Amino acid sequence: MTDHPTFPDVVRLTAAATAAAIAAGELSAVEATQAALDRIAKVDDTIHAFLHVDAEGALAAARSVDERRAAGEALGPLAGVPLALKDVLTARDMPTTCGSRILEGWHAPYDATVVSRLRAADVVVLGKVNMDEFAMGSSTENSAYGPTRNPWDTTRIPGGSSGGSAAAVAAFEAPLAIGTDTGGSIRQPAAVCGLVGVKPTYGGVSRYGLVAFSSSLDQAGPLARTVTDAALLHAAIAGHDPLDSTSVDVPVPPVVEAAGRRDVRGLRVGVVRELAGEGYDPGVEAAFAAAVEALTELGAEVVEVSCPHFQYALAAYYLIAPSECSSNLARFDAMRFGLRLGDDGQAGAEEVMSRTREAGFGPEVKRRVILGTYALSSGYYDAYYGQAQKVRTLISRDFAAAFERVDVLVSPTTPTPAFPLGSKVDDPVAMYLSDLCTIPSNLAGGPAMSLPAGLVDGLPVGIQIMAPPFADDRLYLVGGALEEALDARRGHPLVAEAPAL
Ligand code: GLN
């Protein structure tokens, strides 16, 4: 079934090419979907990206696309394209676990807005993919359902918390995936899996149905193999939603058009001085420098910019995110959702709640709930949470000052390539350092993209592009031009070099 006379390697097509072939009647949506399902059957025992595959639902959605195409209906630019959905977004017809035991077996009664928009765009949702429990982590090792492996080297982590999303796309199980990013969880997995990943401007994509980790930081966005594919997916999910009070009522930036412009002459690019040096792998720095060089060759004006408060971003994040999570996760009280333990007719509500949370949450979630409860407690609130909020303001001001001088900022996406599975599980602080470069954009709310920069000892690393809030199109403008230049230099897209599985 995977073999198709015109497209023998259907699963390697970009989303744009898949949709174009379907629209032209050269490939059916059912064939594209079946090819993805066959690929999952072949490689997912090794990769473990998927927690739930909805083969029947996916094929039914694909059949509907084929029928409507045959009837002459005009279809959208992603109609019939398969997608992997991070298991932190609700979908009516699938379980939602957030990578946690506490939600095992729970079915949401409604679709997240991102999911209803995907359905409206006729994107075929293949199923739910793995993640660090409640999106807390950088390796997907905090999933209660076992780790996902990096397709480039299956002894290594695929990044996190959207590791299942990234691994599925890098392993050619789907051309597209949805991830979420609170401190880097789309961009860091994209970087270490050789993909394009975008955290949209906070408020640009609805959080309705996105199970909250840290509500003031969480944002859903696209993972894809090309900048154009990411733009098409971004455009499909973005836009105002009255169901999310933090969704902003402004027009969606013209991301698809920007991805295709391929002209950065005269554009001002700032290299962030603070996101380099000690702790950064020399290979990462070299790949980053080469990508910046390519931007110069394309006619961009590159300058160095200082953002002095970025050095406090990680510390501020690890007060704000746990504080918000301690409050958000209070809803898992054994009464309303999922697991309930110790309800023997004798134990009181508090006892049931405590037994359920003890067994249902993993160690990282507990660590953060305790941290956040402490940081918010009376007597410590001003010293910790209040202070972190002040630092957050200073970081936003650093961005604002920088964007008076430049159009976009750039840095490496991560300090190192993918690390071996197991190597940081016992050292939370070492794990937290994975997000050194990505956290500032979450704290300030602006959009940011990770784009493949090159390989370091056979492992992908990324360049991060950051833009002011609501200028998401600038990421795609720079990303599209740089991708074209880097692909031309190596003769093909980076992900084409991923080892066969
Ligand atoms: N790795 C970071 C954390 O553990 C970011 C997670 C995320 O973006 N969801 O909090």
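Backbone N, Cα and C atoms are what each Cβ position is placed from, and that goes for glycine too.
Listed in TrEMBL for this protein:
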DOMAIN    31-475  domain 'Amidase'
ACT_SITE  Lys86  active site, charge relay system
ACT_SITE  Ser161  active site, charge relay system
ACT_SITE  Ser185  active site, acyl-ester intermediate
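A map of TrEMBL features onto the structure.
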| residue | record | DSSP class |
| --- | --- | --- |
| Lys86 | active site, charge relay system | strand |
| Ser161 | active site, charge relay system | coil |
| Ser185 | active site, acyl-ester intermediate | coil |
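Ligand 1 lies under 6 Å from the Cβ of the following active-site residues, listed in sequence order from Lys86, Ser161, Ser185: Ser161, Ser185. Ser185 (active site, acyl-ester intermediate) sits 11 Å from Lys86 (active site, charge relay system), taking the C-alpha atoms as the reference points. In this structure, the C-alpha atom of Lys86 (active site, charge relay system) lies 9 angstrom from that of Ser161 (active site, charge relay system).
Least packed by the Cβ count within 10 Å, out of the active-site residues Ser161, Ser185, is Ser161. Cβ neighbours within 10 Å of Lys86 (active site, charge relay system), excluding its own Cβ and spanning all shown chains: 30. Averaged across the domain 'Amidase' (31-475), pLDDT for the predicted model comes to 97.
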